[in-house]
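Heads up, the thing below is written out as structure tokens.
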Amino acid sequence: MVRMGPDVPLLNEYKQEFFWKRFPQTVLGGPRFKLGYCAPPYVYVNQAVLFLTPWLFGGFGTLLSQLQLLQELHAAVLSGILMCGAAAGVQALALYAARRSGTVERLGASNILVDEEEVEFTHCVSTETVRFIAPGKRFGLNVVLHTVLAGVLCGFGTWYVFLGRLTALYGSIGASLVVFVLSWVTLCIAEYSLIVNTATETATFQAQDTYEITPLTRPLYIFIFIAVDLADRYSDAVPELHLASQVLHVLFLFLPLLWAFGILPPLDALLLWGMEQTLVFGLGGSPMSSNLRLLLMFGVSAGVAVCNYFIPSTLGVVLLSTAMGFLLSLDLSQVGTLCRGSRSAFGDRELLRGGPSPPPPTSFGWNLGCREVLLYLSLLLVAMVEAGVLHHFIGSAQSRSLITGPQAPVSYLLLILFCLCWALREIQGAYVFGGVFLNPLYPKGMSNVHIFKQRNRGLYIAAAIRRVLIYLVFPFAMIAFLAMDKSLQLLHTVSLSVGFTRAFRVGWQSSEDALLQMVVVILVRLAAGNNVLPGWDDLGTGVQLLLVGLLFDRVTQFLAKLKFTLTVLVTSWTEKKQRRQSAGTLLALNASLCPLVLAVVIVSALLSAPLLPLFTLPIFLVGFPRPQRSWPGPVGTACPCPDSVFYQQMSGSLACALRTAFARGSLGSLAPGSHFLGRFQDRMVWIMILERGYGYCTVNIKGLELQETSCHTVEARRVDEVFEAAFERPERLGFTQGFNLHWGNALTPCAALAVRVYSDARNVLSGIIDSHDNLRKLQDDFMKALIWLLLRYCVQKHKGFLWSSEEVSAVGGMKSQSSQLAQTTSNQPPEAVMVESNVSSIRFRQDSSSLTSFGDWSDEDDLFGPQPARRTVALVTAEAQSGHATLQMGASLPGSVEMDSLFENMALSALQPLQPLGLGIGMPAVDKGHNSEVFGERSGSLPHLNFSCPQSEVFNLPKGWRTAPLLPSRLLSLRPLFPEDWFRFTLGRFGPAVQGATSEDMTKALKEDEALKELHIHVALSCLISLGAESAFTSPSYVYRLYCGDVPWTEGLAWLSSSKELYQLTLQAFRFSFKLLFDQASLGPMESPEELFSTLEEYERDWYIGLVTEKGWHDSVLQEKPFLFSLGHDLTMGTYTGRVLTLQEQLVQVGRLNGEGVRGQWANLSWELLYATNDDEERYSIQAHPFMLRNLTVQAADPPLGYPIYSSAPLHFPCL
């Protein structure tokens, strides 16, 4: 991304024109009065007539009622019937026009281009005119439903705004006339949106309206207003209802503005938000990680409250509330997963690994074993016994005074526990008192994980004490307080039933929050003393706790939103790169309208809605209420790329570290909807809390892109500065150094977590790969590595650790089952790695002058350096499938169009549908007789080898490997290149491995077997010639091509490529030899054959040496190979680079983000992309902002609006 200046247009000219055509349509409910081109007058007249039709019918009914020709009810019914008939006529015309047009197009399909295309109108009722004005419905059921609903809405709306009713409410004919006229504007807008043409809503939750729910949104809100009025009409004189009806009649006039500004949520968001708010604050639950879980939990929790209302015995209510509160606070949906073990909890990781994962955690809670079941049953039993006994023997005799009654000791105990727990939690993080002051007890320095853990040992003890208090003391103390409460005797009212249902549950669901709420109630009672607070005491303890919890949540939201507001306001001027020309004007407006801005913040906090900064400027609106997750889709959607594997690998270890941090309180108070940011090297991890209950937490882990853009880099640098100020501070802090200098930033550092991750080291190989001394050594190292691999291959085959040659994958780099099992323990036989190649087709290897030469042939070839090895689409597709099929790969012709891919460069001409009759270009011509079948026949006529040692048969090589079409004289001339001493030494080391017992005579016989030696000389030298390496390497570009598997055409290439196993071993040997070159240039030469042998063993056991683009690299990261090495070429700099990944435990720095700032920016992102369609990659709202972390926040949004490269499914892990 090219970072633009602060005055980049908020909307480009095209989008501005589009927006100013769409917004009036939204305000009016659908009529298109601004088209952007000339249209006949009847187009506007027809829309105006349809818009005013409900008012005509309603006015006719009102007139008949005012003239006393019809009663109010009959007049309303007549208006509804007329509107229903008109709606049916409009739908019939729309259906007729669609059939006449004859276009194969689904009615009502969402198409943004429809707003832009010019329509040629012929006459006022032509097909084009009708389809333009009334596109019709998508489903037949909606045609009927919306038509009937339009009539019902018009009838009830007429009744709602009768002049007689308005005069009775306000007692003034003038006020009634104003309300009457403006109310019909609201009704006409809703009717037009429902039946004629639905406008695009600014409050958009779903990216696509699949089931046509949007037309129902505006009528629904009108029905809510009408329902309140009906309740006032037909109920006894209730002052509150009458006042509400008066207020709502006035608010009814402003509904078009609320719809236009997107304050009222769509139906789906309203339903989910309402259930979530009721579940959390009314029933004591937690927000859920999915819509289905929310629906089920809401139903069960509401059922418990209903049961409590009808149970006659207060003791039964106490027992049921205690039991169900404990059970519902557990993660019961994961019982099946826990019974199968924690390995299945991360089953997606195992499946993608293609091999076994590390051993699952054995700490408490990861498996639902006997100890977990026993603990949970014991807690349940003790809680029920405690509640029942205290309520039965003490609750009925409770004194009205908190100071002298039985509740007094428990009350003082709760106060002491709260203070102690707060202090223990505060010292766990890097900052104290809301992130204002540095914590002097937190360890300094992040250089070493072991030292950090040692320094943190004292905090671990404090965390253990806090954990015992939260999970084993708090719930029982709160149950004792509730069980002895006197208001339980007055339980059988709706408010008290709901209040105590919530109170008994929230003590388990969120113990810290429940304790805070209970402490506030106790302090109020202690402050009142023996005095009675008339309004407060009549509510009962359960409702008091409910109100305190709701108030505390709204106050917390208000403070977070206020901090976000101040950050946007101040940085719009202080940050020069954020200062637009309009910054001064906007600041002056905000200052002059300060009460209005404060009111917007308060309203958004009361509604628990995001505070929306328009285009992330200091223009604040109230976003529509939505669930805490902010997005409607399932959790776990991402835009994957090759770098996603690093986040996938670390997600399991990070989950274990988060589990420990949550249990210790290192990350502060955990509330669903909290956001955290983790940083390690070039990796950014976005963590969101989805659920929280007793002993468990559910999170979503997202990984942000590693290829940093300029905006990403600016914000990442600021993140590093914020973390350095918290964790890399000096040992002695001065007075001014103890403050958090980045308090205004959206990120507040919390803690450092020890996580097993790959550290990434990249080195420029200048002076290594271009050194002639090193290159001359490469040939000898290649021969030694090849001999080692050939002998090891024989040992593995003898012990049964290899698949048969027919089952070996040509491309996929798939490892044998036994070799995969060997990765878990070091004392088992090492695996036989099949190194990947960039090609696999035998036919292609025989018919081309290079293994990938024609894949690299393009009009943009670099004449001064090698091209990176391209991988065709067919190869990448095959790697994702079974690796046993032989691929047919085409070539890229000169002039063909090519595209960049996530998996390196892919030629479009390699797509199989574009290959005419199996495109294959051979150069030079190769005799088709020299194919694998002929080699097979020749191998059958080979003379039998007479080994002098019986054990030599173990080290015999397949017959096909001896059939290289090379002259014996050529092999003889290269015989000095074969290291006979190394061969004997390696044979002596491998010999005991197949003999079962060490025998010096047998080993000596193996070393002196000339036939065995000649066999390996023949095969090794044949491979050397086939790679074109019979002369010393002199060119770094040639080394790079061989490393990538792009072998130039040689005389023996067809023979080598015909044997998949031998080709893989040869390529692996070359890569091993290059790694030896790299290590010896960095660390010094090998001192002895023993050191070389152990080094090769280490390469085979602990390393993956290949290319980043290979599937084996991806699999090795997921299998957590200790080390990975890759060779790369930077075409822009003209340098070769070595990349080493090392798996080790590192400290990942984690900080808490301002959750309201994140929700506000996501709300603006949703509005800007879904409504204003401002998808410009250089738009202002995606530019770097060091304080708001705007670019990172946009990345972390769910697709299609955001683009995280990794997003985990909801991860459930224990916190006990």
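Including glycine, each Cβ sits where the backbone N, Cα and C put it.
These come from TrEMBL:
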TRANSMEM  42-64  transmembrane segment
TRANSMEM  76-98  transmembrane segment
TRANSMEM  139-162  transmembrane segment
TRANSMEM  168-190  transmembrane segment
TRANSMEM  248-273  transmembrane segment
TRANSMEM  294-311  transmembrane segment
TRANSMEM  317-339  transmembrane segment
TRANSMEM  373-394  transmembrane segment
TRANSMEM  459-484  transmembrane segment
TRANSMEM  586-607  transmembrane segment
DOMAIN    1039-1208  domain 'Pecanex C-terminal'
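Non-local neighbours of the transmembrane segment (168-190) in the same chain are 28-29, 51-55, 58-59, 153-154, 157, 160-161, 218-219, 222, 245-246, 249-250, 252-253, 255-256, 259; each lies 6+ residues outside the stretch with a CB under 8 Å from one of its CB atoms. When averaged over the domain 'Pecanex C-terminal' (1039-1208), pLDDT in the model lands at 92. Below 8 angstroms of C-beta separation, residues 554-555, 557-558, 561-562, 565, 569, 572-573, 617-623, 625 of the same chain, each at least six residues beyond the ends of the transmembrane segment (586-607), sit close to that stretch.
Counting only same-chain residues 6+ beyond the ends of the transmembrane segment (373-394), those with a CB under 8 A from a CB of the stretch are 314-315, 318-319, 322-323, 326-327, 330, 406, 475-476, 479-480, 482-484, 488, 504. Beyond the transmembrane segment (294-311), the same-chain residues lying 6 or more positions past its ends with a Cβ under 8 Å from any Cβ of the stretch are 272, 275-276, 278-279, 283-285, 287-288, 317, 320-321, 324, 328, 491-492, 494, 497-498, 500-501, 505, 627. Note on the transmembrane segment (459-484): residues 318, 322, 326, 379, 382-383, 386-388, 390-391, 394-395, 398, 405-407, 410-411, 413-414, 417, 420-421, 424-425, 427-428, 441-442, 500, 503-504, 507-508, 511-512, 514-515, 518, 541-542, 663-666, 694-695, 1216 of its chain, located 6 or more positions outside it, place their CB under 8 angstroms from a CB of the stretch.
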